[in-house]
Every structure is written in structure tokens, then in C-alpha cells.
Amino acid sequence: MLMLMLVAAVTMWLRPLVTAQPLCRARTVRTGKVFNVIQDVQGDRLYFRSTTTRLIKHPCKKNIALYLGKQVFFTTDNFETSLLPFTIPTSMQVGVPEVTSAHFTGSLLLLVVNHKVYTYDYESNSWNLSLGIKHPVTHVSGDNCCYTGSLFCVDVSNLVFAYFRGDQISQTYIYYSNTGGFSFWKYHYDRQAEIVGSLGGIFHLFSLSQVGMLVVDQGKGMFKYSDHPLNRSLGLSFDYNGTLDIVIAPGQKGILLLWFEKSLLFSRNAGQLVDTVRVKKGEQTLFTSIFEAQITIHNIAVNENELAVITREDNLYYGNLGIVPSSIIKFAHQHIWSEDAALMFRSSGILEILTPVRDTAFAAFDFQKCLLNIQAILMDPDLHVGRCNIEFLKGEFTYRMYTIDMHSQLELTALLIPQPGTSLIPLVMVSNPHSLGFQATFYESGYTSDGNTKYKLDIYLKQQQHWGRTDFNFTSSLKRATMSTLTVDIANKEISCVDIKPLSTLISVGCDLDKKIVIQNTVSACSKGVLDALALQDNYSFIIEKEFYDPGFQGRQSSKDLHVFYSYQQLGCPLLVYYDTPWKPVVELWKKDRFQEVVDAEYVLLEVNGQFSYSYSLTAKSAMCTSQPQNWTTMIKESGGPFFWNRENYVSCHDPNNDAPLRWPDVQYQILGGRTANQIVFSHNNGFYVFYISIVDPYYSYCQLETVFSIYVYGAFPVQLVSAGVVMVLLISSILGSVWLAYMIPRLLRTARGRRMTSFVAQLYGRCKTVCQFRASATARTGSKPMGRHRSS
């Protein structure tokens, strides 16, 4: 009994010690300080005027970050060295060096300083003023795509907005950049002058393929979107108390955090639905909002799946950005806050509290760093956190980017294993259901070595429009390339599953860059012996006569002949085409080095040298056009040059929505392929043609499929100067004349005149024979030796 009482007493004594264990152990980073070396701050010191701090990490380069507070610090090693305050060169003449916003794009840091945008290239340590901004701005916004080797991702990261937060939307100036912030242009939002309210922010919401504008009016906030189908109405309104900062969580999942000192809001679908973040303890909801909990936020940190909040009440809160309504739990109360403290996630489940420390002897600041292991903290039984119910969650598609082109599909697979005695509820989500649809199958796939059940999740994805299950008013435009993020998570996942991250991948519903078109060339001019391949490779050239080409592509004769060099390396041996047979190329679609199909979509041809000695077999009327068709003349005039007729500006004359009247039904129909049997008809000329081909059907592929190829037209003999009828009359006349002479000459010879003529011919023949014999005998006597001396033997 005494022993039991002793154990109980020791337990009660130890319990406060256990709960009093610090959340983290602090260490101070102090480097590069030598007493005989004096460091001086060069330039104008930047500062951030706010009672709260910001710590902005580069989403793709994890060691690069910017700290915004009373002092501004920029690091390339995660603050593992002492740093001088961040400055801007005095030569930039910024005036008041106050920073109001910052954003990373590639190797650039964009800073809004005194209402202007500056770029700092940290790789070359150079500053520049962004071009094109003519009015004051306060904020920049953008996103970063971290999938390497993708041109699409580069484009995403280069798109930036600059704007003045709080301005009336109808009167404000918004700027955009597609160069990563080097240059900006005015952005014209559709019907902007009619929008009532102030500007809370404008963002590229790539998870929805929309531009989203936060409209603030009468204490309410609503997101307005740029494109169909979301542009017909505003998102649901939410309370807008104070000035909210908007944080776009990394990963293009559509997760937004909106916060200021007394409010923390959360959206999973890029602002369409915005809800408060709840405060929970175990499964119990203590408060439905931060405002209700009466806490004051000092700083927040966000990564792809996690959220951390530090408050002025010296508390730390943590939550995951899961599928269920977002919530946070409160960690044990300890002294961790200071007015300069800021949070950042070092990695999944590893949180760091960073505090700059002033050194009285040196200009460089040290950094106090307090590292927290979230998984270890969640083991505290006082938090009432359930045990993780997932043993394994994996998919080969994570950290990869996929492309679904027009009429394509994608199949992905995930493997799930629950903890023994538990069950899982898998959930598959796409961030942009307006363009990407899917079908998922969940089934048992075997057992582990310890008898636990394995499950497999098969996911089939294709364009939402091709599933046939949605209304037109729900889907986005099929012609417009979009993107979406696929996420696989567990609906009943515990917050303790810190190391079990959702499976996520980025899917571009757009151009597959591996696709190309090739012109079938089974019968070439070289294989038939018409041309010599070696000769074509030896600086071969040909002449286009001035009557048959126009450098302006308007079908007018030129003033001089054109000398053209033939590029065998680019064109190879030309396709052989007989002049008198209507023709069109056989277009093949290839993906990398594999043949896919013969293209039956609509396309256009243009001779690159301006030759116009060919026509089309169909007219607008015979092609059954219901509206006036486009042609090269009008397209060149509209675009200002050739080779700009493509899927973006093509309008079919068979489209019922095309209201251009059919005024000239007899004009040539210059589109080949598709529903018509249109072909090229060549004039009576042999020679080379070098064609540019462009697939203009907007529903065949999101790619601009184009190429250049050559043909050689043969078989056109020189044009006869006399008509065939005249030749036939002359031939028949000569035959009849010969027959008549054969009949009449014998009859004439039997007459007296005929006998006299016969005698005359005989005498003439005898005289000629005598003269010839005399000349022959004279030549024989003289010999054959030339004049001069000759040695005899």
C-alpha cells in the first residue's frame, strides 16, 4: 500500500515536469563576426510597416526566403548565417524605403517599395525598376509552379499582377506581367467600370484557370472570376473585417488563406466558398472562428498541406489543410512569442520559429531558431489527438505533371493500406471540375505479410465535356486550354497523420508538346528518278517566274523573278505530284517517334514564297458554307502578316453561331480536310512548291500543329502554239494531197506533155552523170597526198 502511494506521489510530481517540457529548444545562429572587421550597411534600409511580421519562402527553392518586419532580411541558406539588413541601392532613388508587398518569380524577388515595383535578381545581385507601371501600386501577386522541365510551369511562374489594394475597382489601374516582373502592361478586366466596391486583390488562380478579383463592399468580400462558367456570378460572400492578406498555398490546389490579426478564413476552391477556421480540441469544436476565440494572430505559416499560427497571447496553433472544414488545435501554452517572431515550415511536420536578434557590436543580425517536431508534439495525450489510421498511401503520379490533350485520357493508380482494425474513406478531388472529369474505382487488391488488407484506387480522367454528364453551363469552353490539380486524400484522416501527405499531381488540359504533324511522303521525286537527292543537297536553287508569285501574298504578279535556294536539310526530297490530278496532302499525327493517326481535321496551306499558280476545287457555295468563309487575303490583312491563321482565330463557315453572311458564294474555299472534299488544283506548270500547313480545327488539339514541306509538280508539257484542230486539218489535208498526187502523176505521164517532161528529165540525168564521172577520174590522177615533199621508202 505504501509503495502504491509512493508511485502515485512521484507520478503527480513528474506530471507538471512532463507538461512543462518546451515545445522547442532554441539555438542562435551567429556567424562571420570577427572583431577587427567592421561591416557597414550600404544603401537604403528596407522596412515593413506592420504590427505583424511576414516570412515569405520561395515555393520551389526551399532555402530562399524573405523576412519582413521592422528590419527586412533576405537569405539564400534558410537564415543559417548572420545577415545585414536588406537594403536597396541609393541609386534607385526610392524615396521612403517602405515595403508593402513581395513575391518570388524564378530567380527574381519582386518588391513593392514606395508604390513602385522593383526586381532583385539574387543570382546576379542586381536591382531594376519594373517597366510599364505608370500609376502607384501597393501589392504584387502571383503563383509558382515547381514541376521541373515544363514550359507550362515556366509560364505559370512568370505571370504577375500589380495593383493598388483598397482602390475603387471602377477607377483603379491594374497591371500584369508575363515576364516574371521585368515589364508590365495594363490589364483590362471585363466590365471593370461597372464593378461596385474596392479592390481586395487580384490573382491568377491556376487551379481554376481563372483570374480572380476580390471585391470588397459594405463589409463583405466576394470573388469575381474572369471566364465562363464562373464569370456569370460572384462567389459566396463572407465577412470582411479588417484588411485581409491573401496567401495562396503552394501546389496549385486552390487553397487560399485570408487573414489579419482578428480573422482567419480558408477556401479550398479558390474563393468560391470561404469559411472560418475553427479551433478544436480533439473532436470537439471549441470556437467556430478566430474572432470568437478572442485571439490575436501575429504570424502564420503555410505549406502544401499544413497551417501554423502564432498569436500575441503566446500560443501556437496547428492544423492541416485537409478535405474536412479546416481547423486548428492549440499546443501547450509556453513563452514562444515576441514581436519579431515569424513562422516557417522547414519541411513537412517540421516548424521553425525565427526571431532576428540585434547585436550591439555588429551591424549584422543573429537569428534565434526554435525547431518544432509536430509529430512528436501531437503525441501529447492532453491534445486528445487520435492515432493515425493510415499505414500506407502512395501513388506513382506524385511530383509529376501530366497533359491531357483534346480527346485524350489519363489513367492513374494509388495504393492504400489502413492500420489494422480501421477503415479508410478515400476521396478523389480535382481543383477544376469545369474542365476535368474523372471516374474512380476502389477495390481490395490483396494482403500484406501481416494480414492487413491492401486497397487499390484506379482513376480515369478526361475532359469534363467528353464524359457527357454535365450541363453546358457548368463546363468551361472546350476551345480554351486549362489546368487542374488532382488530389487523393483520406476523408477520415486524423490530424496525427503528419507524415501521410495527400497524393497530388498537376494536370494540364492543353497542348501535348510531344505531338507534331508529318506529311506523308511515300512517293518522292527522288525515289522516282525525277530529281537527284545529291544535287538537291549541293546548294540547289530554282527560279520562280515573276508572273507566278507575289511577295505580299495577295495574288498579284511581281516585278522580277525570284531566286530560291532549296533547303534539303529542312525539307528533304519533295513529294511528287502530277499536275493534272487534284491533290491534297496526307497529314499524319506523331507523338515523339510514334505514329498516332491520319489527321482528318481542317487545315490550311500557304506557299511560303508567295506562289499563286494553284487554286481550290471547291467554292464557298459548293463547300456548303452557311456564312462567308475566311481566306488568306483577309487573315493576312487582319494579322498584319502571313502564317498567323491558326486554331485561335479560325472560324468555320459551317458554324451555326457564325453570323457573317454569305455574300460571295463563288469565292474559293481555302480550307482543306474536315467535312469537305476540297483539293488543290495546279496550273499548267512544273516546279517546286514549298507549303506551310497549319491545323486550324480548334477541337482537334490544343497545340499549334504546323510544319513546312515541299512538293514537285511534274507532267506539264509545253503549251502548243497551234491548236490541235488546226494540226489535225493540216495532217488530213497532206494525206489526201499525197493520195491525189499518186493517182494523177501516172495519168499525166501518158499524155504528150508527160512524154516531153520524161524526155527532159532523162537528158538532164545523162548530163549530170557525165559531169560526175569526169570529176572522179581527175581526182584519181592527182592522188591523195598533200602538196610538199614526201620521203619515199
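In case you wondered, yes, glycine gets a Cβ from its N, Cα and C as well.
Candidates considered were C703, C768, C772. The record in Swiss-Prot pairs C511 in a disulfide bond with C703. Counting only same-chain residues at least 6 apart in sequence, those with a Cβ under 8 Å from the Cβ of N231 (N-linked glycosylation site) are D190, K224, Y225.
The highest number of surrounding Cβ atoms within 10 Å, among the glycosylation sites N128, N473, N539, N631, is found at N631.
Around N241 (N-linked glycosylation site), the same-chain residues six or more apart in sequence whose CB sits under 8 Å from its CB are G219, F260, K262, S263, F291, listed in sequence order. In the three-state DSSP classification, N231 (N-linked glycosylation site) falls within a helix. A coil conformation is recorded for N241 (N-linked glycosylation site) in the three-state DSSP classification, outside any helix or strand. In this structure, the CA atom of N128 (N-linked glycosylation site) is 45 Å away from the CA atom of N473 (N-linked glycosylation site).
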